[in-house]
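Visitor: Features from Swiss-Prot:
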- 7-215: domain 'RNase H type-2' (DOMAIN)
- D13, E14, D112: divalent metal cation binding site (BINDING)
Amino acid sequence: MQRRRCRYAIGIDEAGRGPVIGPMVVVGVAVCSNDIDKLVALGVRDSKQLTPVVRAKLYGEILRVALHSVIVKLPPALLDAVNLNQLEVETFEYIASRIAGVHDSPEAVYVDAVGSPEKLAARLSGRLGVRVIAEPGADKTYPIVSAASIVAKVVRDAEIRMLRRLYGVRGSGYPTDPETIAWLAEEYRRNPANPPWFVRRTWSTLKRIAPGWYVEKQATTQPPRGQRSLLDYLLGEKQS
């Protein structure tokens with residue numbers, strides 16, 4: 001199949017940064033510049049403003065419009081082992097680099113920023129060599145980031161449904177959800193010595209309801225020698 005060529009931008013967002021259960025999902029969506037209006041016409045906007053049914057419908061439409069997409073699922077063990085802000089930046093870079101490795105460089109990369117937007121934009125721009133727009137709430141402002149947000153949310157929701165089906169998990173996985181907290185407390189009483197693999201053990205929520213599962217975070221912040229990045233190391237991709 002012939003590779004499609006166009007001027008394009010990348011939108012990147014995540015779902016599941018804060019939950020105590022399940023992965024964090026980070027998604028990059030590349031869209032040709034002349035197709036951005038198609039996202040608007042579809043009704044793409046901040047995923048939190050949409051129902052699960054609407055998000056699921058838009059998921060397929062977004063992937064059909066997209067030039068390219070990359071989905072990264074960061075499991076709880078990885079989130080427990082690595083500085084979260086560092087990992088998120090490395091994942092943004094990884095996604096943009098993957099897309100640019102298949103297509104020409106993008107016109108711009110738009111990301112929903114956590115922390116300092118200026119520092120994030122400068123770091124990513126320096127590493128990627130392209131214009132980076134990093135803003136808090138970018139998923140509310142830029143349709144291309146909204147698209148990434150929707151895809152990430154749909155994938156994250158599917159992961160939680162799988163955990164419900166296989167392990168009986170209840171609730172959304174967020175520490176503010178009473179059903180999630182009740183389920184964790186029940187599981188801890190049943191099996192205090194063996195925390196489920198899908199629980200984030202460094203989350204402070206566990207100190208109160210499952211102290212035997214809780215571990216202090218000793219976060220890795222730098223890649224070992226000979227690795228391109230922390231994420232490359234964690235994904236087992238050695239520098240060539």
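Positions of Cβ are set from backbone N, Cα and C atoms, glycine also.
For the listed features, I'd like the structural context: burial, neighbours, distances.
Guide: Taking the domain 'RNase H type-2' (7-215) as a whole, pLDDT averages 94 in the prediction.
Long-range Cβ proximity for E14 (divalent metal cation binding site), meaning a same-chain Cβ under 8 A and a gap of 6 or more residues, is found for M24, V25, V26, V27, E88, T91, D112, A152. According to its DSSP assignment, E14 (divalent metal cation binding site) is in a strand.
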Visitor: Using a Cβ cut-off under 8 Å and a sequence separation of 6 or more, which residues in the same chain sit near D13 (divalent metal cation binding site)?
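Guide: In sequence order, the residues whose Cβ lies under 8 Å from that of D13 (divalent metal cation binding site) (at least 6 apart) are V26, V27, V111, D112, A138, D139, V145, S146, A148, S149, A152.
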Visitor: Taking DSSP as the reference, which of helix, strand or coil describes D112 (divalent metal cation binding site)?
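Guide: DSSP call for D112 (divalent metal cation binding site): strand.
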Visitor: In the same chain, outside D13, E14, D112, whose C-beta lies within 8 angstroms of the Cβ mean position for the divalent metal cation site?
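Guide: What remains near the Cβ centre is I12, A15, V26, V27, V111, A138, D139, V145, A148, S149, A152.
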Visitor: Validating a neighbour-count step here. Other CB atoms within 10 A of the CB of D112 (divalent metal cation binding site): how many?
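Guide: Total other Cβ atoms inside 10 Å, all chains included: 26.
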